[in-house]
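Undergrad: According to TrEMBL:
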- 270: active site (ACT_SITE)
- 329: active site (ACT_SITE)
- 352: active site (ACT_SITE)
- 262-355: domain 'Transglutaminase-like' (DOMAIN)
């Protein structure tokens, strides 16, 4: 009878054509909507089996687990011409004992692990296994991205940048997405299974939808308590785990989760969730990027107002209330057509795996939400547009809490959210401002129109909601500020660690008469999520303010007062509180500043060539008036250095520079990044990176 000697899946050729050669060179990994080639070698000339070969089919089987490989089974004939829109196989070449087939998968096929069989007459023959991914190169796929440079960035680039800091002092942090590392693709499908189980999704055909896949992945990242990938905890409390700021890539997190049999990895915060999400979705074929929003209203439950409470010294108080203004927040955007919504909502979709306080029964992640819907204030659109809209459009009211008294509103400039939304540029390391994708220009007629529309939607929700707490609450009526005094606080937006802090406070009196006033200026360290760490410095001043005069106060706060208790992100909040002794009104101003790490630089030789030895020079400048102790530099670079290397430097003396020579031999050509991560007793999160182009040998 008919038998097959062997089959050739042409893995190197197929994987290269499908942009998956970086994932594997020994497993067939293809993208849907694009044909791949298979050659079947029969054990005897085909003419001997003409009767059996009259009805010949291919069978593709897939399942949630390898043991359920036939959960979905598709049978399709081998013809002279294949149907590009369906599962099909076309006979491209035939010889005495060979068939070369072109196998086509539909652009809406469920992604997953597949088994390919050949059926002739009543017998089936195993041809091989393959993995099917989304295809942003295929025009008919929902994730089709028309720009090749964007496909290179948002699918194929494994070297990322994540932004921290403040809106006026953005800090770039390198991240190794590593989406094509060995076994990562298998881990991605495993975590998708866990997410589907958590969501109660039983229909495997849902895997054809990028919306479904995004929500399944988000569900297991931080929100599925049983098998979630990462544990979130309060900033600064990282006992028996890894501080989120110490992670430099996704692969160690995903591998640890698998090796520990789905034990949650400790610890992660918003940028770690977003980075791992980016790795998984890029691996599966969904164009994805990491986005940072500066001044973000978190856990508002859709409300457009957030309250901040300060004591009489200007110290931010920790509230039981979950809603807070975060200095920055990190989420994802994924590119896809929204087949479930109007065509105008296709394109970039916001997806946030960080847990949010939402209505009971709702998943605690958000999205995918059309960025266009967020910009237009279409808060009723799925999924969770209202939460994103509130987070970047809420206004903050400052309250002064005196001991034993009810809070009173402070008179201050309105604090807005969503002032700077940024992501890495395509094909470069530069930071790109994409705020205009989310919001119209502040103060424009269009912005007012969108806010009015959102308020109308809010009122509808409030009148139709049967819940005692509304999902979406409007802004409180603005206070009528008495036009008496005005206060302005200025400082450098970014300081080098070790520098003193220059403060300037200007007080204007236009009350019509002389005023006696009490000014309190303070500095406190802050976690990125708005949680205060400690009060570092405070000073009181008393003024007699002349009418129509400006009083200017210049203060220099020494490094010694703030250097010991900086948080992980080196964020400081400067406050100035002015009390009018006559009216008892309190005027308030604040400024957030970022303290920059010491200078860590990497120098690479020009014109490096694959397989030729080179040397990198890493320099560290210690700007502090004290030695840096127990210094270690970890160096890594895919295609440049085989494994991460650690160099122990001992101590780096005060106000001095130390250099390190790192020999290496580039093993891969093309754009490559070298990353250095410096730690010492005083500092834990100093990273630097340099990208170069390696010429092919």
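Each residue's number is its place along the chain shown, starting with 1.
Yeah, the Cβs are placed from backbone N, Cα and C, and that goes for glycine too.
For each listed feature, how buried is it and what is near it?
TA: For residue 352 (active site), the Cβ neighbour count at a 10 Å cut-off comes to 29, with all displayed protein chains included.
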Undergrad: Near residue 270 (active site), which residues of its own chain have a C-beta under 8 A away, given they sit six or more steps off in sequence?
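TA: Listed in sequence order, they are 329, 330, 331, 354, 529.
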Undergrad: Counting across all protein chains present, how many other Cβ atoms fall within 10 Å of the Cβ of residue 329 (active site)?
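TA: I get 27 for this one.
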